[in-house]
């Protein structure tokens, strides 16, 4: 009944909405229609993929300068060193690592940490639990990032009020909370109608970034000398202790880079790469170098350089545009959180969650109430607790650097096991990435006491929850399997002592088709009847994102009364059992929903001292199982056709 652990349902449901567009644009390289599709996808990528990294200039350069200052004093070499570090970090991590390598490690067109985990688990058969653990850690860190991004992004934009109208400073936090509460409150309405403007707004944002930066580069054109890596190396070597702390702040310029890979299934590789190389990367560099030039010529203006370099007549529009951009960035992260949560459910590393579709036309538009509530509460608590974006900066880096580190480790396995690269070719590249990732991770991990504990705490709790669910479902499967009777034996006994036969079809959901389903055993025990046709149904999640309808169902006739059916879904597909069973007509079984009853087992779990898990983990697993979404709704079975049979199990 549940998807197998070596299957996958990762990726983003938000990706589904763009999937059909992607297919038409990803293969042809000529023709006017393709060009228009590519432009549309590039514009869409600006609104979804680059919202997070695109709003980093608001606070990243400021935080790096604060870290680099000695006794509050910044030398020219410090400013050039910081902007040089940002340039080379964006070049090496985003342009080289993600654009040239990670984006090529797709799982049938899909990306994201869980999709990468699925790809690697399929190639590395020997240690599935190790890869599963790495994937769980990556997913947990993603959720840690998803909590911090809306908080720091919107808060940093609202801090522009301190420049526009200093008397409004006390309202920065309340205004941020109001915006975030509103954002999370409207999620259930869907974002389809407003999402169409995300791309144009972010395009305007990047133009504003580039234009404001280019204007101020002329304040001190010598700032362009920082393109030379000499300034970055000199900054790192002259004062290593200060530089080490600064590196942690420099990383803020790259937060959101993982979205390039996570949203691969939304738009495809080409639009994401082109948006980065043509628009995002140039505009980010212009803005960072513009901020550096502005500070070099206005030494006293290092407090909020992003807003301070904006002309007074444009301040209010820029604050409003920044707020819109950060809300869009937050929306992209929220959508991504829904997607990863759904993937985790399909991979059976999270309990079933209620998933609501907010669009009849676009299946990728989903809303998960529980994720929305918990995420919204966590974001608001962070804003109220930290109050300033500077205080949140320390918490931000740990989650993202950890996620990038996990990606690098899995990328090595992809290179050697899937791309069949020689170790001598893959290892130098991966070691280079690991050195950079470890430098950033270690520079951020020392900030645990400054706020890093928040992201570590969130990730740790989520790892415990996911691992408890994985471990608990395994123990439950082993426990129930011991008590189950082989299906062969039951069929043989019924052949000798046939029960009363009643008309209709009974479908019994089970995770093990070789054993008699619990619901079947209880039906025979209490009702003493057997339907004319009995289907032993198993639902499996494949290790690829999509499974074609032609490959959805496998049917084998057991005997005249019993049939074995296996339904396979991709990890990007929402299981719909009645619709999938309808496909069995071409295989010789005429499925009729009006004459079919679905028998499900509802287990009542009790903690046991002999479960093999600590008592606290038993209780946590039982809580997760009790609060899981109803199987009837999850598999989209009509409630009027369902018979639930309860059993009690000591785990």
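Including glycine, each Cβ sits where the backbone N, Cα and C put it.
What Swiss-Prot lists as transmembrane segment is 41-61, 82-102, 130-150, 163-183, 194-214, 235-255, 276-296, 309-329, 366-386, 395-415, 426-446, 450-470.
Relative to the transmembrane segment (309-329), the listed stretch 194-214 leads the set 82-102, 194-214, 235-255 in CB pairs under 8 A. With a threshold of 8 Å between CB atoms, the same-chain residues lying at least 6 positions outside the transmembrane segment (366-386) that come near it are 13-14, 146-148, 150-151, 154-155, 173, 176-177, 180-181, 184, 187-188, 190, 334, 337-339, 341-342, 353-358, 392, 395, 451, 454, 458.
Counted as Cβ pairs under 8 Å, contacts with the transmembrane segment (41-61) are highest for 194-214 among 82-102, 194-214, 235-255, 395-415.
Sequence-remote contacts of a segment are chain residues at least 6 beyond its ends whose Cβ falls under 8 Å from one of its Cβ atoms, and for the transmembrane segment (82-102) they are 53, 60-61, 64-65, 68, 111, 223, 226-232, 235-236, 246-247, 250-251, 253-254, 257-258, 260-261, 273, 276-277, 281, 284-285, 288-289, 291-292, 404, 407-408, 411, 429, 433, 436, 440. Remote same-chain partners of the transmembrane segment (194-214), defined as residues 6 or more beyond its termini with a Cβ less than 8 Å from a stretch Cβ, comprise 43-48, 50-51, 54-55, 57, 279-280, 282-291, 309-310, 318, 321-322, 324-325, 328, 331-332.
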